[in-house]
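Below is one structure; the comments refer to it alone.
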């Protein structure tokens with residue numbers, strides 16, 4: 001979340017910057033609440049001082065043998081007023097906190113200004129889409145022809161937006177995840193982690209999915225115990241490793257990677273990508289997270305994005321990189337790059353990774369800090385996250401870009417060691 005001090009001291013400037021994201025900050029309401037808070041706080045502090053003085057005078061009156069009943073009554077009355085004032089302060093602060101938790105991050109000055117995805121800016125492209133000399137099939141047709149992809153059985157088991165992978169495609173899916181993990185740990189310096197797939201609410205508050213995006217989550221309610229949520233991304237569990245910690249500066253940067261399933265309700269996706277594996281309730285993803293010193297986070301974003309790009313380059317999959325505009329960025333991001341891979345059957349690029357610098361936005365929620373060696377004082381870290389990559393969408397891209405006229409699929413060179421040396425499936 002944003003720094004409340006920044007909000008108080010530069011409210012209109014913050015509102016103007018948020019407007020570029022299409023977010024209307026209720027300046028009048030915040031100003032009114034702040035005025036109430038100051039008034040009640042001043043009154044409460046004065047009342048506390050008066051009560052302390054009156055309490056002291058009770059002892060003095062006792063020593064003089066005076067009737068202390070009126071003083072006792074005053075102290076009791078002031079105590080009741082203090083309790084009332086503190087309760088009022090708590091209510092005001094609760095409303096301010098509620099507003100604060102609903103405010104998105106401020107965009108970095110380098111982020112292009114725009115209302116929606118049309119305002120995104122293409123930064124670069126890599127590779128050239130294959131010019132097929134035969135009628136191409138989409139991944140669904142390729143998979144169902146051989147019985148490798150079974151959406152009918154998946155629907156019988158779980159409903160819409162699930163997939164059952166079998167045989168060579170299941171193996172190819174596993175190979176992709178193993179390849180990605182090995183690349184990031186072996187060449188990019190990430191520490192592999194195996195994390196819980198179920199987390200409690202504070203973890204999701206820390207990474208900003210709660211309270212604003214609860215409808216996108218799958219929730220498990222347990223009688224007498226804390227609710228649990230299925231992770232929408234390993235970003236949640238990986239980033240929260242440092243929640244509540246004060247790290248030594250020598251520990252930074254921390255770089256974590258994990259291969260996990262992800263679970264999303266896709267509440268706002270009705271009618272979109274209903275065919276195939278592009279948009280699922282359950283999908284696998286290899287997630288990268290970095291925890292860094294504030295001065296290095298923008299440079300770290302470039303490195304994180306390059307790590308994700310390397311996966312696509314080694315797989316020889318054409319892609320492009322977009323700098324997301326202010327109106328299309330995620331809630332907690334300062335700056336985001338999207339990687340989009342070429343999907344031949346759709347004749348367009350589709351998102352396969354989103355790499356974001358969240359600045360101190362998540363760290364403030366989590367109270368994740370490091371000790372500044374120059375001042376000796378704790379300061380908030382910066383957090384970054386990115387897909388490296390979404391495994392299911394990468395599988396889609398491999399199937400379609402490596403298809404042959406007879407419906408078989410060539411195995412990318414870097415995956416052959418994970419496929420027992422197979423060169424073609426189908």
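Cβ atoms here come from the backbone N, Cα and C positions, even for glycine.
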When Swiss-Prot marks a stretch as region 'Disordered', which of 17-40, 41-64 is it?
41-64
L-serine binding, same site as 233, 234, 235, 287 - Swiss-Prot member from 158, 354, 387, 408:
387
Using a 10 Å radius around its CB, how many other CB atoms surround residue 354 (ATP binding site)?
21
Got a sec? Which of these binding-site residues, 235, 266, has the most Cβ atoms within 10 Å?
235
Should any of the binding-site residues 264, 265, 352 have a Cα within 10 Å of the Cα of residue 233 (L-serine binding site), which are they?
264
Any idea which of the binding-site residues 233, 265, 353, 387 has the thinnest Cβ neighbourhood at 10 Å?
265
Rounded to a whole number, what is the top Cα to Cα distance in Å among the residues the record ties to ATP, namely 264, 265, 266, 351, 352, 353, 354?
19
